[in-house]
Structure formats: structure tokens, C-alpha cells
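A.B. asks: According to TrEMBL, the protein has these features:
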TRANSMEM  6-24  transmembrane segment
DOMAIN    26-207  domain 'CAAX prenyl protease 1 N-terminal'
TRANSMEM  68-91  transmembrane segment
TRANSMEM  103-123  transmembrane segment
TRANSMEM  144-171  transmembrane segment
TRANSMEM  177-197  transmembrane segment
DOMAIN    210-418  domain 'Peptidase M48'
BINDING   His280, His284, Glu362  Zn(2+) binding site
ACT_SITE  Glu281  active site
TRANSMEM  294-313  transmembrane segment
TRANSMEM  333-350  transmembrane segment
ACT_SITE  Asp366  active site, proton donor
Amino acid sequence: MSALTLLFAGAVLVALLLKLWLATRQMRHVALHRDKVPPAFAGAVSLHAHQRAADYTLARGRFGLLQAAFSSALLLGWTLLGGLDVLNLLVRDAVQPVLGDMAYQLALLTAFVVISALLDLPFELYRTFVLEQRFGFNRMTWKLYLADQLKGVAVGVLIGLPLAALVLWIMGATGSLWWLWAWVAWTLFQLLALVLYPTLIAPLFNRFTPLPEGELKQQVQALMKRCGFAAKGLFVMDGSRRSAHANAYFTGLGAAKRVVFFDTLLSKLNGQEIEAVLAHELGHYKHRHVLKRMLLAFGLSLAGLALLGWLSSQVGFYTGLGVRPNLDAPNDALALLLFMLVLPPFMFLLSPLGARLSRRHEFEADAYACAQADGRDLATALLKLHEDNASTLTPDPLYARFYYSHPPATERLAALRAQS
């Protein structure tokens, strides 16, 4: 048994045990505080809403335990137990002699994605049509669900396959520094996607209508002018077709930026609260959080591809993870799949660092919103969204530190009140 085998198996086990321990802590803490609204929210949140949020959190926690255990078992099945090795042999022997190396590698990637999606399907269906349905969040019909899946497959074929073919060609044609050229291609694709997604991809799945003329639009435009934020348009998205959850965001780059409001958000908040929520989102823009996260992602992808560039040339990388490398066919697709499988357990252990950075950005955006709008309106908006989204007000502190990209409601509202 190689050192890589032991390291990988250990990482999978540690990550799983940590997930189970944190989830158990969260469920215990939420259940312990289920029957009493925290003093900071007394009078603002009803006991019924608080208990609904607790029950939703507990249901998601139990589901998460099962999914974490299954995902870890599946990961070991793909790697150390030989699943990917068997799949590779079947696809290689069937495709490579007839259609050549590129077709074989694309077929291997496609087969892996399809099998993974089918294995995840029961969890996705339960999450959408049982768990979310039970708490009144799911509004998606089977017809809409199937339409989304077909559109997703079409987008994957039209965009994913050519991109995969480009990366595989780069790996095979540009020598030992292929990882650098692959990173350049990936980065350019990400930037292009930011520009094209709002106008070409997103409308395939949702309807975007201009924000109607009126007082709200005037408020929003005045806020954007004060903040020096230029956008190509203000749009309302029909999020209610799929879910009762609410949100607002801006997307795109440069002059192509768009501000998007979920219709569910507009139905739940008043004009001042919507203005405060948008001011928070603009705070991310003014503090360059999006740019900072993008640069961080680009840097991490460069480091990851450089590591893969070295690992892919090591026989032990394949054999240590339960796969026999090809002798008469390229191993590029195998290397990509193995790297995608191996990386998550190690990255999970680093996730608190990203969560901490994200929470700091949220506090900064809140402070900006308080300066450009009324912090009290943002506080009431957050309370409404917490209640409507059934977000628990009593998370386990350690769980929140590890996972939460947004500060817990108690900390966030205390900071807002101090600035209002």
C-alpha cells in the first residue's frame, strides 16, 4: 500500500468524521434551543417561525448525514475499490480502437459524468420533491424539472464537451507546461462565461423582465447613482416558479452588469428594505469582493493545475488511487478525473478559511449598506428573509465558523444595530 493510498484514505476518513461530528453538533444545538426564541429576537420572530426553522435545519441535517456517508463510500468506490479503473477499461476497449484517442477520452469523461449524475439523482429528487416540498419551498413541477434537466444536458454538450476537448488537446500537444496553457484557456472561458451567462444561458432557465416603472425603480436608480454603480438593466427573475427562497444579485462584467431581483424578494420586502438589500450587494462591488474572489479562484486553479501537471506524469498517482494507467492510450482524461475525485477531501479541511473570508466580506458589505441606506431597514429585511427561508437563529458556533459564508443572524444584526 503506497503512501498516497494511505494519505488519501486518511483524508477521506477524517473529512467524513469531521462532517458527521459537526453536523451532529449542529443538530443537537438547534434541537436544544428549539422551544424558545433567542432573547435578541423576542418580539420580532414568532415561536412558530423559530420552530419551523429548527425543524427544517434538523431535516436537512439528517439528510446531510446520509448524503455525506454515501458520497464518501462512492468516492472510495471510484478510486481505491477500482470503479474508475473498470470504467476506463470498458470505455477504452470499446471506443479507442474504433474512434481514436480523443473520442475515447471524451467518452470516458461523459460516462463518468452521466453515471455520477444518475447516482446523485435519488438525493436530488428527495431534496427537491420531499424535503423542500415538506417545508413549502419547492414550487417546481415534474414538467419543469425535466425541462431543466434537458436544457442542462444540452448546455453541457454544447459547451462542456468542446471545452473538455480543448483542455485534452492542450494536455497532449503543448508539452510539460500544458498546465499553464490549460489555465489560460480556463481563465478566458470563465471571463467569457461571466459576460455571456446573463444574456445567453440564464434566460434558458428563467424569465427576466425589466423592473417596472415606479417608486421602487426610482429608489434603486437613485441608490445606484449615489454608489457610482452603472448597470445595463434592472430585472426581475421568476424564481417563484422553482422555489419560495428569495435573493438579489448583480451579474456580468463592465458595462454588461445586470441587477437581478427574485420576484419572491419583491413580494416579501418593502421598498426601503429592498433598497437596503441592494445597497449590501453594491457594497460587495465597491469593496471589490467579487474581483478579489475571482483572483483568488484564478490563483488556486493555477496552483491546482500546476500540481496536476506534476502528478499526471507519476505512475504512482494512478496506481496509488486504484487505477492502472494506459500503456497504449493517453492518460489525460484519467488524470483529470482522478484529480477531481481526490481534491475535495483535502480542500474540505481548508474550507473554514474561505468561510471566514466570506463572512468578513459580508460585514464590510453591511457597513457599506448602512452608509448608503438605513441599517434598520437592512436588519428588518434580513429578519424577514431568515424567517421566510427557515434559517435557524441558533446555529452551533463551531459549525457556523466552519461552514457559514454569512455571519450568524445574532452577530450580523448586532453589528447592524451598532451602526444604525
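Backbone N, Cα and C atoms are what each Cβ position is placed from, and that goes for glycine too.
Are these features on the surface or tucked inside, and what are their neighbours?
C.D. replies: Same-chain neighbours of the transmembrane segment (6-24): 61, 64-65, 68-69, 72, 75-76, 79-80, 320-321, 342, 344-346, 348-349, 396, 398-399, 402-403, counting only residues six or more beyond its ends whose CB sits under 8 Å from a CB of the stretch.
Within the chain carrying the transmembrane segment (68-91), a Cβ under 8 angstroms from the stretch's Cβ atoms is held by residues 5, 8-9, 12-13, 15-16, 19-20, 23, 104, 107-108, 111-112, 115, 119, 123, 321-324, 326, 334, 337-338, 341-342, 344-345, all 6 or more beyond its ends.
Counting residues 6+ beyond its ends, the transmembrane segment (103-123) has Cβ neighbours under 8 Å at 63, 67, 70, 74, 84, 87-88, 91-92, 94-96, 156, 161, 164-165, 168, 329-330, 332-334, 336-337 in the same chain.
Below 8 angstroms of C-beta separation, residues 102, 105-106, 109-110, 113, 128, 178, 181-182, 185-186, 189, 201, 204-205, 241-242, 312, 330, 332-333, 335-336 of the same chain, each at least six residues beyond the ends of the transmembrane segment (144-171), sit close to that stretch.
Listed as Cβ neighbours of the transmembrane segment (177-197) (distance under 8 Å, sequence separation of 6 or more from its ends, same chain) are residues 163, 166-167, 170-171, 251-253, 256, 294, 297-298, 301-302, 305-306, 308-309.
His284 (Zn(2+) binding site) falls within a helix when secondary structure is assigned with DSSP. Taking a C-beta cut-off of under 8 Å and a sequence gap of six or more, His284 (Zn(2+) binding site) has these contacts in its own chain: Val290, His361, Ala365.
There are 18 other CB atoms within 10 A of the CB of Glu281 (active site), with all protein chains counted.
Below 8 angstroms of C-beta separation, residues 171, 176-180, 182-183, 186-187, 190, 331-332, 335-336, 339, 343 of the same chain, each at least six residues beyond the ends of the transmembrane segment (294-313), sit close to that stretch.
In this view, Asp366 (active site, proton donor) is surrounded by 25 other Cβ atoms within 10 Å of its Cβ, with every protein chain counted.
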A.B. asks: Beyond the listed site residues His280, His284, Glu362, identify every same-chain residue whose Cβ lies within 8 Å of the center of their Cβ atoms for the Zn(2+) site.
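C.D. replies: Once His280, His284, Glu362 are set aside, the remaining close residues are Glu281, Gly283, His289, His361, Glu364, Ala365, Asp366, Tyr368, Ala369.
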A.B. asks: If you count Cβ atoms within 10 Å of the Cβ of His280 (Zn(2+) binding site), leaving out that atom itself, what do you get?
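C.D. replies: Around the Cβ of His280 (Zn(2+) binding site), 24 other Cβ atoms lie within 10 Å.
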A.B. asks: Per-residue pLDDT averaged over the domain 'CAAX prenyl protease 1 N-terminal' (26-207) comes to what?
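C.D. replies: Average per-residue pLDDT within the domain 'CAAX prenyl protease 1 N-terminal' (26-207): 95.
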